[in-house]
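Some notes on the structure that comes next.
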C-alpha cells in the first residue's frame, strides 16, 4: 500500500448554498480567523466581464483573501464540470502545500457532485454538432428539437421544458456522438479515479427555514443589481461580435432576461419579473440538490445569527469536531 492510501484523508470544508444565502459573508468571516483561500464552486463566476449579474465578490473582498476560479475564462468560451474538477483538485493540493486552508464555496451543485463523486463517461462538446443543432433550432424552433429528443431519449425529454435550449442541445449532442441516450449514460457507473481519495469533503449547507424570506432577498438583490448598472453590463457584452444568447455564459440567470429586454422582446418590468423568477427557480433547484446530501451540516441561512452559525460549523469541520 502507498503512504497516501494509509494516511487519513485531509478534511476539506465546503460552504454550499443557494443564491442570496450568505455564503460570501460566512466565507469572509472564516477568513478573518484562519489563513484560508477560497475556491469558487460557481459556474457563473468563472467568466470575465460579468461582475454585477453574477454577484461577484468585490475587489476589496477579493483583496482581503485569495480567491480562485473567478475571472478565468472569456464569456465566449465554455467551462466544464470536468475542467472544474481537475482545476479544483490541483488548487487544493497547492493551497495545502502552502500551509493554508482551502475553503470551497458556491452553489453550482453539478460541480460539487463531479468533484466528490466523479464524472459520467459523456462525450465532450462538438462544435460542428452544436452548429448543426443551432441551425435546426433557428429553422424549426427548440420545441421541435425537444420532440426529436423525445423520440431517442424519452426519459431526458420528459424532464426538460420544450424551450430549454441548453439542455436539449446537450442531450441531442450526446446521442448523436455516442449513439446512446444521455439518460442511459448517466445511469451507468461513474468513472472514478484516485485524485480525490486524499480528501474528505464535508458540506456545510446554508438552507432557508422560510423560503419566502429568501425570495424577498432575491428580489432585493436583483433590484440592487439593476441599480448598480446590470443592464449596461449586458449591453457592453452584447456589443461584442462573438457573443449570443445561446452561449453558456449568456444563459446565466439574469443575463438571458436582460438580453431579451435589450433586444426589445420584453419591457423593463417583465425583464425584472422574469429575472427574479428565474433566480427563484435556480434557488429551488439548488436546495433540492442540497437536501439530497444526507452528510451535510445544515445552517439556517435566514436566522439573525446565520453568519456566526455558519462560521461555527466550518470551524468544527476544520477542527475535526464532526462525525466521520
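Backbone N, Cα and C define each Cβ position, glycine as well.
Residues or ranges marked as ATP binding site by Swiss-Prot on the basis of sequence analysis: 17, 18, 19, 20, 21, 22, 23, 24. Per Swiss-Prot, substrate binding site is recorded for 19, 20, 21, 22, 23, 24, and the stated evidence type is sequence analysis. The region 'Interaction with substrate tRNA' feature in Swiss-Prot is assigned to 42-45, 166-170, 251-256, 284-291. Annotation source Swiss-Prot lists site 'Interaction with substrate tRNA' at 108, 130, citing sequence analysis.
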Q.
Should anything in the same chain at least six residues away from the region 'Interaction with substrate tRNA' (42-45) have a Cβ under 8 Å from its Cβ atoms, list it; otherwise answer none.
A. 53-54, 56, 69-71, 79, 84, 106-108, 110-111, 248-249, 252-253
Q | Near-site residues: substrate, ref 19, 20, 21, 22, 23, 24, CB cutoff 8 A to centroid | A | 17, 18, 25, 107, 206, 301
Q) Does residue 22 (ATP binding site) have same-chain partners at least 6 apart in sequence with Cβ under 8 Å from its own Cβ, and which are they? A) 206, 301, 306, 307, 310
(Q) Other than 17, 18, 19, 20, 21, 22, 23, 24 themselves, what residues in this chain have Cβ atoms within 8 Å of the centroid of the ATP site's Cβ atoms? (A) 107, 206, 301
Q. C-alpha of residue 130 (site 'Interaction with substrate tRNA') to C-alpha of residue 23 (ATP binding site): distance in Å?
A. 35
Q: Inside 10 Å of the Cβ of residue 21 (ATP binding site), count up the other Cβ atoms and send me the figure.
A: 29
Q: Report the member of 23, 130 (the recorded positions) whose C-beta atom has the most other C-beta atoms within 10 angstroms.
A: 23
Q | Residue distribution over DSSP helix, strand and coil in the region 'Interaction with substrate tRNA' (251-256) | A | 3 helix, 0 strand, 3 coil
Q: Please determine which of the recorded positions listed here (19, 24, 108) has the lowest count of neighbouring CB atoms within 10 Å.
A: 24
